[in-house]
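Remarks on the structure that follows.
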Amino acid sequence: MIEEALTLYLVTNSDGLSDEAFIEKVEQACQNGVTLVQLREKKASTQEFYQKALAIKKVTDKYHVPLIINDRVDVCLAVDADGVHIGDDELPVDVTRRLIGPDKWLGVSAKTVKRALEAKEQGADHLGVGAIFPTKTKENAPTTDISILQEIIHTSQLPVVAIGGIKEDNMYKLNETDISGVAIVSDIMQADDVAKKTQDLKKQIVSIKEKNHHDN
């Protein structure tokens, strides 16, 4: 189930959007092929994050799309989201697993094989690897070579999502990888036509996954 859900993974960014416009974009994405939503709110207060999570969960529940909360275990538990995704600066992986319990999904950011293997050992269900391409979402983030991405996939044996600067016009560079999916931020959140953009991205990643599954 996780493998399928990771296919087209929307990481939200509400910068510059009203609450209504933000929710509308997420709903259009869920209607048109996004398979998982990760709510990422770096600037929100706890109360704002909680309220936004409640609103987005109504949308994701409506379309049967899993909801993962970025970083905040408390918000994940408060709204009964499907899981949490943590980076290098958050609680340790094993502590996070203990807090959320055995049934919620735990995604972990990994830039190295060492981090990937540690995360797996401590209870991660899947990994986010990147930034694959330069990204404005994290302007100073170093990029991760596609060869490292492949090594992490094969060494960890966990489902892996590629993240960072991935757009419709560069996703083809991931054609030869064994990714479980792609995480998209700005290419969906800043699209004028979210429905069409989501549909086009979905076709592209499904094609990559089918080709690689067939080749293997």
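The backbone N, Cα and C atoms fix where each Cβ goes, glycine too.
Features of the protein shown, as given by TrEMBL:
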DOMAIN    8-188  domain 'Thiamine phosphate synthase/TenI'
BINDING   GLN38, LEU39, ARG40, GLU41, LYS42, ASN70, SER109, LYS138  4-amino-2-methyl-5-(diphosphooxymethyl)pyrimidine binding site
BINDING   ASP71, GLU90  Mg(2+) binding site
What is the interatomic distance between the Cα atoms of GLN38 (4-amino-2-methyl-5-(diphosphooxymethyl)pyrimidine binding site) and GLU90 (Mg(2+) binding site), given in whole Å?
16
Measuring Cα to Cα, how many angstrom lie between ASN70 (4-amino-2-methyl-5-(diphosphooxymethyl)pyrimidine binding site) and GLU90 (Mg(2+) binding site)?
10
Can you tell me how many other Cβ atoms are located within 10 Å of the Cβ belonging to ASP71 (Mg(2+) binding site)?
21
Listed in sequence order, residues with CB under 8 A of ARG40 (4-amino-2-methyl-5-(diphosphooxymethyl)pyrimidine binding site) and six or more positions away:
VAL11, THR12, ASN13, ASN70, ASP71, VAL185
Can you grab the distance from GLU41 (4-amino-2-methyl-5-(diphosphooxymethyl)pyrimidine binding site) over to GLU90 (Mg(2+) binding site)? Cα atoms, rounded to a whole Å.
14
Local confidence of the domain 'Thiamine phosphate synthase/TenI' (8-188) - pLDDT mean:
97
Counting Cβ neighbours within 10 Å across all chains shown, tell me which of the binding-site residues GLN38, ASN70, SER109 comes out on top.
GLN38
Take the C-alpha atoms of SER109 (4-amino-2-methyl-5-(diphosphooxymethyl)pyrimidine binding site) and GLU90 (Mg(2+) binding site) and report the distance between them in angstrom, rounded.
10
So which of the binding-site residues is most packed in, judged by how many other Cβ atoms lie within 10 Å of its Cβ, out of GLU41, GLU90?
GLU41
Whole-number Å only: compute the distance from the Cα of GLU90 (Mg(2+) binding site) to the Cα of LEU39 (4-amino-2-methyl-5-(diphosphooxymethyl)pyrimidine binding site).
16
Starting from the Cβ of LEU39 (4-amino-2-methyl-5-(diphosphooxymethyl)pyrimidine binding site), draw a 10 Å sphere and report how many other Cβ atoms land inside it.
28
